[in-house]
Amino acid sequence: MVRYVHFQLATIFEVGAAIGVTAPVVLGVHGLPQSNYALPLLCVLGASALFGLLAVSTRSGWLGGEKRDFENAVPLADPETVLPAPRESMRRSFDGSFVVIVALPTLVFGLLWGPWVISWGLFFVPERIVKGVYMFFWERRHGVLLWRGKVEEQPLGKDQFLYSSPRIATLG
């Protein structure tokens with residue numbers, strides 16, 4: 001089990017690791033990129049943050065509608081036996097497979113097209129930061145912590161993706 005906030009914010013480190021691995025190779029082959037693409041890149045990053053905010057704050061299914069997922073979270077019957085130790089959730093949130101999913105296309109397309117391609121992984125970051133911050137305040141407002149994972153004794157129902165526990169159950 002990992003906290004949903006940790007899952008969202010771990011993307012920053014995952015994308016950073018992927019760029020850290022691929023950037024030296026791509027920049028070594030192509031050199032530093034020209035700065036005439038900086039404004040469009042910033043506009044796309046801003047749009048990513050805006051769509052992340054829309055997805056997390058609405059119930060609409062076609063906009064992402066994650067707010068409905070938060071409200072339908074299944075309360076854990078026995079949080080103490082299921083939840084990880086404090087700070088363990090953040091360690092478990094780091095997903096090496098996502099690093100590979102970002103790093104491989106970045107490396108291939110960066111070598112084929114040019115050095116600006118190494119920044120495509122950054123498009124995940126604003127959306128996840130917005131979702132993580134929104135979730136942090138949502139959890140505080142509702143007095144619960146939201147968790148991703150599976151509990152064999154308490155399976156999730158249809159359209160349920162998260163578990164909840166009282167905020168006092170763990171420092172998470």
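The backbone N, Cα and C atoms fix where each Cβ goes, glycine too.
Note that the structure is predicted; figures quoted are calculated from it, not measured.
What TrEMBL lists as transmembrane segment is 12-31 (among others).
The transmembrane segment annotation in TrEMBL covers 37-58 (among others). Outside the transmembrane segment (37-58), and at least 6 residues removed from its termini, the chain residues within Cβ reach (under 8 Å) are 64-67, 116, 119, 122-131, 134-135.
Distant neighbours of the transmembrane segment (97-118): 11, 14-15, 17-19, 21-23, 25-27, 29-33, 37, 41, 124; these residues of the same chain sit at least 6 beyond its ends, with a Cβ under 8 Å from one of its Cβ atoms. What TrEMBL lists as transmembrane segment is 97-118 (among others).
For the transmembrane segment (12-31), same-chain residues at least 6 beyond its ends with a Cβ under 8 Å from one of its own Cβ atoms are 94-95, 98-100, 102-103, 106-107, 110-111, 114-115, 117-119, 121-122, 124-125, 128-129.
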